[in-house]
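As C-alpha cells, the structure follows; a few thoughts come after it.
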Ligand code: SF4
C-alpha cells in the first residue's frame, strides 16, 4: 500500500518539487546519498530514487514511493547500490487533480550514450519543456516519463559533442526556466545551475578526496561534509579524481534566486547566499512588527514554518511569544489512506490549539504565506473556538497573487486568494480582526538587501508576489496564460 503523504492542511501550502544530492569518492556512496536525501525530505515526500555506479556491476538504480527513511535504510535495497559514486532525488507529493506520480516519473533519469551512461537529477522546472518535448518526439525521441526533466537526456542524445559534460552543456543551452541539475557518469559527478540561479545547489567536501553536491547545506551537515561554496548561477562543476573543474557554459546574467526559499522552502538550519535561513525568517518577523504593529497579548506561530518570524515579531514588539498552536509531528505516519470522515477533519489532524493559553487573549498569529486561504480560515475558527478575544494574522510573505513556473507547485491563478481579493477583502473573508502581509521591500530588507527591492533590476525572483517573471514561461503563454501588463 502506498503511504498517504498529503492531507488537506498541506494542500494549502506551496510545495517545493524536488531536492537533489550526489556524492563521489566515498565507500558506499549510496548510503551517503540516502542520508542527504533524508535531510532534504522537506523538498519532496512522494518518491525518491538513487543511481550508483560500481565498476563491477555497472549502473544500478532503485526508485521507490514514500519517505527515504522507509525505503533507503533497508539492507536489501542498499545492497543493490554499490560503488563510490551516486546521486539521488526526492520528489514532492502530488495532490488533487494532478494525480499521483508513476514510478517511471521518479528520478534520476538514465541514458546510455556511445561514450557511456549518464544519470540526471533535476530540481526546478523547464518552462519550454512542452515545446521541446513535441519537437523531440517529432524527431524520433521515445519518452519514458511525463517529466519535463527527461528532455535533458534526449537533448544530450541529440548532441554531437564527444563527452558527456559537453553534451550536457548543449542540452542545457536549449532549455529555459529553472534548473539545478546533478548528474553522474562512470567517473564524474556533475553539478549545474541555470544562469539566474533560481534554485539552490551547494558543494561540500567529504573526507580527503570526496565531494558532495546538495540542494541545501543541511544535506551536507548530515553526512559530516564541510561546506565549500555555492555553485554559482550559470556555473557547471565537473568533479573527478578529487578535483573540481568549473566552467560557465551560459551567457552572463544577474542572479535571480527564489526569494521564497528564504521564506518557506529551505530548512531553517540551511545557509543560503551566506545567510542563515533561520535568521532571515526571524528578521522577517522584525520587519513585520515594524510595518504592521497591533496591540495584543500573545504572538503565536502557525507551526512549524511561522516560528522564526513569530519569534522576530515578538522580539521587536515586546509582546510575549507563546506556543498557542501545537503541531502533531507524527501525523504522516499515523493515518495510512484515511477515510473521508477523517480527511474532513482537515487542519485538526495536524494542528491543535493550546486552549488554556489562548482563552480570553488577543492573539497575533504569524504564518509564512496565504495561498488559497482555506487553512487560515480553519485556524482562525480553532482559535476563536478556544475562546480567543481577538485574532490578528501577520504573514511573513507578500500576497501570493501569481503562480510559480520554476519548480514550485502552485494552484492556478484564479485559486490564489490574493489574485482575486484586496488585503481588506481577504481579512473579511478569513474573518479575522486584522490581516497584514510583509511588503516586498520589507522582505528584501529581511533577506539582507538594506535598500529593499531594486525595482528596475530585482535582486531575487519574486514573480509569485510581483507577477514579474525573470524568464517568460513560454509553454504557459502558449496555453493562454496572461502575463502582468507592463506598468
Ligand atoms: S515565482 Fe515565487 S516560488 Fe517561484 S521561483 Fe520565483 S519567488 Fe520562488
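The backbone N, Cα and C atoms fix where each Cβ goes, and this holds for glycine too.
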Given that TrEMBL assigns 404, 461, 464 to the [4Fe-4S] cluster site, pick the one from 218, 258 that the record assigns to that site as well.
258
Please identify which of 305, 434, 439 is recorded by TrEMBL as part of the Mg(2+) site containing 367, 368.
305
What are the non-local neighbours of residue 367 (Mg(2+) binding site), defined as same-chain residues 6+ apart in sequence with CB under 8 A from its CB?
301, 302, 305, 306, 376, 379, 393, 394, 395, 396
Residues near residue 464 ([4Fe-4S] cluster binding site) in space but at least six apart in sequence (CB under 8 A):
14, 260, 400, 401, 402, 403, 404, 408, 410
In whole Å, how far does the CA atom of residue 258 ([4Fe-4S] cluster binding site) lie from that of residue 18 (active site, nucleophile)?
14
For the domain 'Glutamine amidotransferase type-2' (18-242), what is the mean per-residue pLDDT, to the nearest integer?
95
Relative to ligand 1, which of the binding-site residues 258, 368, 404, 461, 464 have a Cβ found under 6 Å from one of its atoms?
258, 404, 461, 464
Taking only the Cα atoms, work out how far residue 18 (active site, nucleophile) lies from residue 461 ([4Fe-4S] cluster binding site), in Å, as a whole number.
18
Residues close to Mg(2+) site centre defined by 305, 367, 368, Cβ within 8 Å:
263, 264, 301, 302, 306, 309, 366, 369, 395, 396
